[in-house]
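What follows is a short report on a single structure.
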Amino acid sequence: MEMRNTTPDFILLGLFNHTRAHQVLFRMLLATVLTSLFGNALMILLIHRDRRLHTPMYFLLSQLSLMDMMLVSTTVPKMAADYLTGNKAISRAGCGVQIFFLLTLGGGECFLLAAMAYDRYVAVCHPLRYPTLMSWQLCLRMTMLSWLLGAADGLMQAVASLSFPYCGAHEIDHFFCEAPVLVRLACADTSVFENAVYICCVLMLLVPFSLILSSYGLILAAVLHMRSAEARKKAFATCSSHLAVVGLFYGAAIFTYMRPKSHRSTNQDKVVSGFYTIFVPLLNPLIYSVRNSEVKEALKRWLGTYVNIKHQQNEAHKSR
């Protein structure tokens, strides 16, 4: 039998080594992360400051941006510190915290995207009843439920993952603690946990995804019956943005958490996990801003206000 390692820490092997090519990739990754944080922070700022964006749709979008910022901040700072310092150790508590926040944010985003699909369904199919069917009270309840269900899943998997005894060198061939990767190191039978995770994934991924597809099926049917070409164009632009986000996020999450154990590989896990924790949060604000005229107008108004203020300050300084 393999001896159990009594060392409390795990070792994250990371994404990069110190070759020149990997150093370039590391700098590109940091630039991507900074762009992602800036883009999502800008979305939150615009939605908060512009009263025209104070609607349930944009409130849900601000929550999506907040989740994306937190998701990036959960993994990348630790990975960057490990690469720069060479200290790749992470405590059991730190590993549990990463699993908790990743699943809280990832699970919460699953339900939030479903809530956004319902919002678009009501806006397109029942525009006159929108204030009733998508009230602020319902919007806040759906948002709170998204956070709570994500947190429940994160807490359950974090506690269960760390309850196993772990063997060998405690080396995790990944750049953060992810439950499916971590439990491979367990020197105990994890089949019950894996079955429970699979059931959880059906509830957290496939159920919201089915609701989203149903919503957009009804939206598509309604859009095709619209007489106004301008209305069809606007509805398609808004909904295609949302579908792009849904496809990217759910595709990566389903691939990560619902593949059979026999089909898993370390390199695939790293690439796909990097995609949904780093690159999808970058794409979300780009998709919603570039394809959304209201967000672009809000940005123009904010920049115009900023330029006017700077101009007034310069004029006042010259007059002194």
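Glycine is no exception: its Cβ is also placed from the backbone N, Cα and C atoms.
Among the features that TrEMBL reports, domain 'G-protein coupled receptors family 1 profile' is placed at 39-288. Here TrEMBL flags 24-46, 58-76, 96-118, 138-156, 196-223, 235-259, 271-290 as transmembrane segment.
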Quiz item: Which of 96-118, 138-156, 196-223, 235-259, 271-290 shares the most C-beta pairs under 8 angstroms with the transmembrane segment (24-46)?
Solution: 271-290
Exercise. Give me the mean pLDDT over the domain 'G-protein coupled receptors family 1 profile' (39-288), rounded to a whole number.
Key: 87
Quiz item: Residues sitting near the transmembrane segment (96-118): Cβ under 8 Å, six or more positions beyond its termini, same chain?
Solution: 57, 60-61, 63-64, 67-68, 70-71, 74-75, 78, 90, 134, 139, 142-143, 145-147, 149-151, 153-155, 157-159, 161-162, 176-179, 182, 204-205, 208-209, 211-212, 215-216, 242, 245-246, 249-250, 253, 276-277
Quiz item: Which bits of the chain, at least 6 residues beyond where the transmembrane segment (271-290) starts or stops, bring a Cβ under 8 A of a Cβ in it?
Solution: 15, 29, 32-33, 35-36, 39-40, 42-43, 61, 64-65, 68-69, 71-72, 74-76, 102, 106, 174-176, 178, 241, 244-245, 248-249, 252-253, 255-256, 296, 299
